[in-house]
Amino acid sequence: MNPKESTDGGQNNATWGDNTRTNGTNDSNSTQFDNSNENSNSPTGGSDDYSPTHSEKTWLIVAVGVGALLASVPLTHYMNKFGPRILFAAAGFLSAIATALIPTAARLGLPYFLVVRAFQGVGYAACMPMVGGVTAKWATLKQHAIFVSVLTLFMQIAPTISMPISGELCESSFGWTSVYYVHAVYSFILFTLFALFYRNSPKNHPCVGETELDELADGKSDSEVTDETHENVPYGSIFKTMAIWAVWVASIGNFCSYNLITLFSPTYLHKVMGYPVVKTGLSAALPPICQMLMKITAGATSDKISHCSEKVKVRVYNSVAFFGFALFICLLALTPQSHPTLALVLLTAATTLLGINTGGYYKSATLVSRRYSQAVMGIDSTVICTTMLIVPLIVEVITDTDTVGEWAIVFFIIAGIMIVTNLFFVVFARASPASWAKEEDSSSND
């Protein structure tokens, strides 16, 4: 079936490419599928159209998480050993190549498709170690929240760009395959620019002068600013630190909600609330845009507020983000199918409030681990990858027929996870460097 030949005029067609989004280290590691044809056949050789079953769609999403999970530990290890510049670029190029191969893999069959999707996940596994490493090296101690906010914007910018473009391309004469070729091309461009301009240490960047180096070094040890690698990471001590476990537990809640919104909000808006395909892409891009603005605001205010301790700030910011998301997602669960606009408003409100977490557990992670932020965030990447496996399976098991009641159960489950994980974080959160991250010239923020 061709996208333009579906029985409903292309708005609810059976080709798998409708409502597709690619989102990796830039925008190429996860895909949403339109669930219009649950009984369509698996791909056969020589066909350009692919209509996966409900179960196949789930496994195609899970495959990215599997690839990211398998790659996260070795990537983190070698980024600590050799520095992130080359490895992050290589992971990005691999993800871009895998993205370009998706149309071919889809024609060859599901096993090939799953393998290529797993390779896309490698790029995603490199993201969080990069966020931790860049913040530790390139941010002053008073700029951690805003740095984390900006560096994690890829999670909002990607769907904001990809969803509308993908929807338009799927409905165009170019077809769904063009979605992947376009994303592959600009991923290659972006990672090439990264490899050309990034340096593992500020002291080795030709555009960084002595004045900037002195500002970056304020309150830090020499190794935090100048060392490009950390081969002797104290993993034993890291795993014994409850403040770090608080970060990882909070990450479970954050990325359960993030994966629910980014992977499945187009399906929910289209299948449950009745938004047409093209409008779904535009509507699904609204929550990430609002969250992007909130992340920047939260990061800036968290760094500027000085009348309370950093420990209080990370607890308050995280609680507002997590409890706020839980509240609005519960209200969304109670929204009837006859109120699609209200559903979009609630979905946007929940997603927006979640952006406040950059002043919460994200900031806590970098303040506690300091020069070992890359290692800690690398382990966090493993946690994130695990949620990429869990959330699709929850949705697969519960939303067999995509009814309002089924999705309400999913929303209540995620809300419960958010509440429990935030309570754990609030109890054990800290904002001063752990003993294994301290050196004589380190300062306390509690």
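Positions of Cβ are set from backbone N, Cα and C atoms, glycine also.
What TrEMBL records for 1-433 is domain 'Major facilitator superfamily (MFS) profile'.
Under the heading region 'Disordered', TrEMBL lists 1-52.
Sequence annotations record features per position, and here TrEMBL assigns compositional bias 'Polar residues' to 8-52.
The transmembrane segment annotation in TrEMBL covers 59-79 (among others).
Residues or ranges marked as transmembrane segment in TrEMBL: 86-106 (among others).
Residues annotated as transmembrane segment in TrEMBL: 112-134 (among others).
What TrEMBL lists as transmembrane segment is 146-166 (among others).
Look at TrEMBL and you will find 178-198 (among others) tagged as transmembrane segment.
The transmembrane segment annotation in TrEMBL covers 242-261 (among others). When Cβ-Cβ distances below 8 Å are used as the criterion, the transmembrane segment (242-261) is approached by residues 155, 287, 318, 321-322, 325, 329, 347, 350-351, 354, 357, 360-361, 364-365, 368-369, 376, 379-380, 383-384, 386-388, 390-392, 395, 410, 414, 417-418, 420-422, 424-425, 427-430, 434 of the same chain, each at least six residues removed from its ends.
According to TrEMBL, the transmembrane segment annotation covers 273-294 (among others).
Feature annotation from TrEMBL assigns transmembrane segment to 315-335 (among others).
Only residues 6 or more beyond the boundaries of the transmembrane segment (341-362), in the same chain, are considered here, and those with a CB under 8 A from a CB of the stretch are 145, 148-149, 152, 156, 246-247, 250-251, 254, 257-258, 261, 265, 268-269, 272-273, 283, 286-288, 290-295, 297-299, 301-302, 313-315, 317-322, 324-325, 327-329, 331-332, 335, 425, 429. Taken from TrEMBL, the feature transmembrane segment covers 341-362 (among others).
Among the features that TrEMBL reports, transmembrane segment is placed at 374-395 (among others).
Residues 242-243, 245-247, 249-250, 252-254, 256-257, 260, 268, 272, 311, 314-315, 318-319, 322-323, 325-327, 329-330, 332-334, 360-361, 364, 391, 394-395, 398-399 of the same chain lie 6 or more positions beyond the ends of the transmembrane segment (407-429) yet place their CB under 8 Å from a CB of it. The feature transmembrane segment is assigned by TrEMBL to 407-429 (among others).
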